[in-house]
Structures are given as structure tokens and as C-alpha cells.
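Report on the following structure.
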Amino acid sequence: MSGAPPPSSGFAPRSYGQQPLSHAPRSSMMSVEYDGIPLPPPSIRSCGSQQYVTSYIPTGAAFPPSSVQDMISSMKSYASATDLVRTYSEIPSVEEALSTLDRAAAALNARRYRDALKLYLEGGYAMANVAERQANPKICNLLTSKGFETLNWCARLCDWIEGRIKEKHPRPGVHKVGIPVSNWDEDWVGPFMDEEEARRMWYTPVYCPHPIDFSNLGYRLRCVETGRRPRLMICITMYNEGPQQLKATLKKLANNLAYLKEQMPGDEKSLTGAFAGDDVWQNVLVCIVADGREQVHPKTLDYLEAIGLYDEDLLTINSAGIGAQCHLFEHTLQLSVNGKCLLPIQTVFALKENKASKLDSHHWYFNAFAEQIQPEYTAVMDVGTMLTKSALYHLLFAFERNHQIGGACGQLTVDNPFENLSNWVISAQHFEYKISNILDKSLESCFGFISVLPGAFSAYRYEAIRGAPLDAYFQTLNIELDVLGPFIGNMYLAEDRILSFEVVARKNCNWTMHYVKDAVARTDVPHDLVGLISQRKRWLNGAFFATLFSIWNWGRIYSESKHTFVRKMAFLVFYVYHLLYTAFGFFLPANLYLALFFIVFQGFQQNRLEFIDTSEYSQTVLDCAVYIYNFSYLFGLLMLIIIGLGNNPKHMKLTYYFVGAVFGLMMMLSSLVGAGIFFSTPATVHSIVVSILTVGVYFIASALHGEVHHIFMTFTHYTALIPSFVNIFTIYSFCNLQDLSWGTKGLHDDPLLAASLDETEKGDFKDVIAKRRALEELRREEKERVENRKKNFEAFRTNVLLTWAFSNLIFALFVVYFASSSTYMPVLYIFVASLNTCRLLGSIGHWVYIHTEGLRGRVIDKSECGNGTGRYPQNSYVQLEEHYAALAEDQRTYASGRTNASVRTVNDVSSAA
């Protein structure tokens, strides 16, 4: 048999009835074959004007030419559409055909349905015609399939225009297209997966203005179609990183799957059966979300295409006329290292059409993909993060051992720290990361509240974050900044801190956070001071306002959550510590200045340096030393404020390096003088204890955790850069509070764009003039709104900057003129020693917690405590199956020719589900 049956409304396909998720056979997703060559798929009716088509398109041989000619000549199938349009002009090139379909999508968005029908019909015919002139079989078949799809859509759109379909706004249906991958190795497949899964990549253009409607609009991930439901989903966010970073991240994930596979069932430290054995890869789904099609590194796309996870031709042709916000590629990867094959990785590559933000990428991941899968656990990480081979195992083990844990993070470290010891910026960050893990996260984990689970590598129990916590997490995506204001806008620069707090304070729950030391991940960090300034601006602003938010809303833990009385009392202790630590950080620039002033320069002036006799110097020389110090320090601070207001750090690189070097020399001089004073004066118990609790804590805690060599090798680097961390980063951050580009740029639709799309330029002359005047008025109001928002944000920036600067200035002047070194320094030492004592006790407590795990497991069973059930949250997934069953029933109703049947809309079906 040759030729394809014309895709008419009366044709009933034989194997396209959608079944519930867990029962849909793979064969039902294939198109009808003739003489061994799959022909273009007929349309599938599922709901209103919507459709769901899954078709596999071969690329080795072209479709028979007669099938295309039969389709074009069968005009009776499109009689209604032709009567409406009555015009047809052949478009001679692929570029013009694609452009016509894009204009059709724009007309459809503007609700100019008859114009859209005309353009879709022209574009569909053009696709079918230009396909015959393509020498490449792959391009020929893709164009032919697109032509069939578009003309079928024209027939359905015509039915809607003439009132035969009841639906509010018609949209092209879901069309998932599969093509063979080029790098398939038939010798590799072996026992892990079948040939079909290994050879095929699937692409779906996604039109979904709101990701939460992904499932309701009929989109399905490939693993759902094949009856799989992964228990662990991993989100990898990507922006413009190179291919080497993505390659390293994926291979480290494959190593983690191999480690999970080798776990022995029944062992005391083994995971449940889903995360062990040869089929462990089927319970893990990796989602790579790229923020903007134009922003992705071209070589990264080349790498993705090489491994079968991207195809430019497929995207260009099949997304035409859809107006897709996201391009979805799905494939089970086959990676190898040095000829050794790794476990398969079920992978989804979501390429967003427009740049929005990392938060928007998480919005797609959580509300579209994870909401459909309903995994038990979900992890988030950045491209470039490299997990050690057992990192995922340790996180999953913590979740399975204690079902009260709602979120957990591993130990994040700097990549190749010892190879970069000559780079002081990298070494200082390595010290900071280590101390944060050893002291801060260990302390917070003892209380059950980790202030921030880093987006570079952390994991959550999906049950703990689904609902209210995620709604709060994505708040800035749904509400305009004019309404939120600058405080909340800056707070959401550290949205992961908000998510952590919302999980712990969740109403009627008692979730806790946990730090897993053995789950180690290496990450790439900024290599120079300028790059670090830009990064820390986002971190510091977000952390400061998020901390104020958590302090202000701490009462929710007591009034809304179901934590035990003992846990709430522990949170009260942590709240006091958190409050003192935040206050100390606010006045840290003044305290740093005062410490340098009293230790070095006033000691030099008053001959209090035991190892240097300054009595022989004239008073003028002694006073000049103090004046020079004050002038240099103040000049450096003023310079930082001036260049921080409205200047990009990249344009002031030399200035920042100069100021950082001056502050670094002052800090090193202070450290040497302080060491000289300590070793030249008689030792007392008080001085030894204070010294240990201020500086020795870093070495004691790191030695306890077996990482003291990291601290020894990078302590000098960090000491020299302390003034840069305190002064440069903080001043630049407060000088740019009005800049929220990291968390909010491009997150909101432009109302002017929507207005221009709705403008039809139809009607009489007066109507057109009135519409143009209305659009001009809208533009004027939008301009005023943007200017007012800019003024409000800049005023907020100025007020906060002045408050912070004058608070530190007044505090420093008060101490200098009304206190002495003998009064201030002991108070400072005791305060710092007290905070560090708390951190040390927390580090020791976490060390004891780790090394008594076996004993606690025999005494305390937390496998069924808390909110976790240890099972899937089945309710939502059952609703999803009911939703797709309803779509399948609508499809069968339409295909059987029962034209009088009541066809439900997508919203009606989702409400019923």
C-alpha cells in the first residue's frame, strides 16, 4: 500500500487511544507504517481543539512522494477551511514557510482567528511543498510531518470558528516528535534498556504560559508515557556555561548511579530496593533547564546534540507556529569514560525560549515537571557542580533513615583548591566554604534549621515543599515588584533561604533540615576579585533581608508548626544566637576598623606594643601614624562608596584591586602585631582561653572533622582578604540595593507587548485612531510606573545605605572618644569568643551525631516519625491518571463521530480530575 490517508476529521486512527499512565503501551505512540516506512501521523483528538500526537520520524529515508501529493490533492478534507480562506499562494522557501507559521501564531495570540487560519493554511501547504525539494531525507520528513500537523490543525481551527467545537481559546495540540539519535551504539544496550529507548530522542514544543498548567494542557514526559515514575528527580540549572562543565556534571551523576547500583540489599546501610540494582537508573530522572535559547553556549548545544539531547533542525521546524515558551528534549543518555560504559541516565533538556532567571528555571522544574512526576525526593544543582561518587547515596540515606527531614544539603567545596593556592581569591573562598561547613552548618543542623540550603547542591523531600513553601518560593514570579517593594525584592535574591524557612515553619508540620557531611560536591567559584564582588552582591543583599524576614516571622514556628516543645525551645536558643550574629554582622565594618586602630596604631602611639619601644619617637611622629591610618581607611571607604554607586565592577577593576591591597596590608600588619603582642607578654589563662576561642576554634573544629590541613594552607589567604569581604563586598552590595536583575529581570510579561498583540487594526477609521490613542496612553502610564518604581527603589537604597553607614560611623566614633582599648578590646574578644564557642559546640555536637549513628539507630527509630510516610504521595498522582483518562475518553468520543457529544474543555477536565 502506498500513500497516506488524508488527515480528515472522519478518519479514525487504529491505535491512538490514550490509556492511563501506568498502562499506555509504547506501540500506541507509533504512527501507521506502510511498506516498512512510517508515514506522517494523522491527527489525534483529545479535548476540544487540542490534540496529543506522538510520532516517530525516520531520517534515513524520505517519505514516499505520492503520500505528500495525495495529501495536497485531497482538498475535500479541508473544504470548510478552504471556503473560509479562499486564498492560497505557494511559498517557495523554507524560511518563508517558517515565517508564515510564526505570523500565524502571532495572529492566534492576538485572537485574529480567521487571519490565523489563512496563515496556517498557507504555511502548511508550503511545508508540504518545499519538503519535496529537500535532498536531505531528515529535513524532508520533518517538513512533511509538520505540513500534515499544520493542515490538521487548520481543520480543527475551522471547526472551532464555525461553532462545532466549544472551547474558549483554541490552541494547537501537543505534538511529540521522535527521531533517531546519531550516536547510538547497538553493542552498548545490553541488559539495561531496549533498542527503542536507546535509539530515539523525543522533542515537544511547549506552549504553556503558566508552568503549573503543564499537565492540564496535556503534556506528558516520556517516562510517564512508558509507565515509569522516578522516585528521585534532579534539576540542573544552566545559563551560559561551557560544555566541559556540563559534561563533568553528567558523568559525576552517572558515577553516583553506579554507586547506588552496587548497594547490597539487606545491608544495614543500604537504601530501599528502588535505589539499588541494575534498574536504579529507572528511578532517577535528570532535568537540565537552560535559561534562554540565545544565552546558551553554542558549544554546549553541540555537545548536547552529540549525546542525543538536542537537534536544531527538529526544534526549528516543529516549533514553528506554536509560540513555544519551552523546548523539551527527552532521551536516555549513554555516556562512557575511557571506553567504560556508564549506567543510562533518563534525561530531560528543557530549553526556555527567553531568558528569565534561575528562579524561573526552578519554576518550570517544580511546577511543570516535578508536579507531573510527583517524585519522593528532588535535588537541585548547578551546571559545573561535581558530586563525589557517594554524594547522592548519603543524601538519600539521610532521608530514608529519618522521615522528619524535609531538606538536606551536602558539603560544598571549591574545585581543585590545592592547585590554586597561588590564587588568593580562590584560596580565601576555600577557607570560607570549609568553615561554613564545619562550624555554621554543623551548628544549624543540631537545631534542625539550616538557614540556607545552597542551590548549587541540595535536596528536598517533595512532600515537604509541595504547596505553600513553593508558592512562597515563587512569589516574585506572580506579583509585580511595585506591589512587593524593594525589601521583598531584595529578599528574594536569596530565595533559597525563604524556602528553607517556609519548610521548617510550615503549618501543621514539623519538618527539619539536616547537613550531610559525607555528601560532598565540588563547585566552580569566581577566580578574581571582580567576579566575586558581583556574586557576593546578590548573596549579601539577599541574605541580609531574608535574615530579617526570618527573624520577624520566627513566631510562626511557635504558632503554626507542630514541632515538639523541646524542639521549639531549641529554636528559641538558636533565635537568640541568630539575632546576635546578625547584629554583629551589621556593625562588622566598624568593629574591624576599631580592632585595627586599637591593636596597631593606638598601641604604637601609646607605646603599648611590648615588642617595639616607641618612647623614643616624637609625639608628632606618633600622632601622624594615627592620622595616616585614619585618613587611608576613611579614604578607602569613601572611594568604595563612590565607585559602588552606579559603576560596574568590571570597569573599575584596578581601583578595587588597589583598595583591596591596601586593606589587605593593614590586616596582615594587624595580625603580625597581634601575634607579637601575644607571644611577648606573659601568658595567662584568660589570654590563652580567649585566643583559642577567637582564632583557635577554626583549627580545633577542622581537626575534629579531619580537615585541619585545609585550614592551615588557606588561613593566611583568608586573613588578608577579610577587609575585602567586610568592606568591599558589603559597601558594593548596599550601594546597589536597587538592582534586582539576578532574581527578577524578565520575570514579568510586558503589558505593552500584550497590548500590541491584542491590537487588530480592524474596524473603521475612528476605531483605529481610538485604539492607537489607547495604546499610546498605556505606554505613557507604563513609562511613569517604571520611573516611579526606579525612584522608590533608589530612595530605599539611599535610606538603607545611609542608615548602615551612619550607624557604623557613630558606633566607631563613640568607642574611639568615649572608650579605651582596655575597655573595648576585652568586650570584643568576649563577644567573638562567645559566638565561636557556640559554633564549636555545634560542630562537636554534629561530630558526635555522625559517629553515634549506629547506636541511635538501635535506640531511636525515626523511620515513621514526622510528616513523611516513606511512601509516594499517591493522591496527586491518581488525579493525574484520572485527568489523562478523561482526555482519552474525549478523544474516543470525537473519533467515533458522535458530533453531538458534549466535549469538555481543558479546564473542565482538570476540575473534574
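Keep in mind that glycine also has a Cβ here, set from the backbone N, Cα and C atoms.
These figures come from a predicted structure and were not determined experimentally.
In Swiss-Prot this protein carries:
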- ASP496: active site (ACT_SITE)
- THR237, GLU241, ASP291: UDP-N-acetyl-alpha-D-glucosamine binding site (BINDING)
- ASN420: N-linked glycosylation site (CARBOHYD)
- ASN510: N-linked glycosylation site (CARBOHYD)
- ASN867: N-linked glycosylation site (CARBOHYD)
- ASN900: N-linked glycosylation site (CARBOHYD)
- 1-27: region 'Disordered' (REGION)
- 539-559: transmembrane segment (TRANSMEM)
- 581-601: transmembrane segment (TRANSMEM)
- 625-645: transmembrane segment (TRANSMEM)
- 658-678: transmembrane segment (TRANSMEM)
- 684-704: transmembrane segment (TRANSMEM)
- 711-731: transmembrane segment (TRANSMEM)
- 800-820: transmembrane segment (TRANSMEM)
- 825-845: transmembrane segment (TRANSMEM)
Using DSSP and three states only, what is ASN420 (N-linked glycosylation site)?
helix
Under 8 Å Cβ to Cβ from ASP291 (UDP-N-acetyl-alpha-D-glucosamine binding site), same chain, six or more residues apart: give me those in sequence order, or none if nothing qualifies.
THR237, MET238, TYR239, LYS352, LYS355, ALA356, SER357, LYS358, ASP360, SER361
At a 10 A cut-off on CB-CB distances, which of the recorded positions THR237, ASN420, ASN510 has the highest count?
THR237
Residue among recorded positions GLU241, ASP496 with least C-beta crowding, 10 angstrom cut-off:
GLU241
Anything within 10 Å of GLU241 (UDP-N-acetyl-alpha-D-glucosamine binding site)? Look among the recorded positions ASN420, ASP496, ASN510, comparing CA atoms, and list what you find.
none
Would you call the transmembrane segment (625-645) and the transmembrane segment (711-731) in contact, using three or more Cβ pairs under 8 Å, pairs 6 or more apart in sequence?
yes
Are the transmembrane segment (658-678) and the transmembrane segment (825-845) close, by which I mean at least 3 Cβ pairs under 8 Å that are 6+ residues apart in sequence?
no
Which of 539-559, 711-731, 825-845 has the most Cβ pairs closer than 8 Å to the transmembrane segment (684-704)?
825-845
Around the UDP-N-acetyl-alpha-D-glucosamine site (THR237, GLU241, ASP291), what further same-chain residues have their C-beta within 8 angstroms of the site's C-beta centre?
ILE236, MET238, TYR239, ASN240, VAL289, ALA290, LYS358, SER361, ASP382, VAL383
For the transmembrane segment (825-845), distant same-chain residues with Cβ under 8 A (at least six beyond the ends):
438-440, 442-447, 577, 580-581, 584, 591, 594-595, 598-599, 689-690, 693-694, 697, 700-701, 704-705
Kindly assign ASP496 (active site) to one of the three DSSP-derived states: helix, strand or coil.
helix
Compute the C-alpha separation of ASN420 (N-linked glycosylation site) from ASN510 (N-linked glycosylation site), stating it in Å without decimals.
43
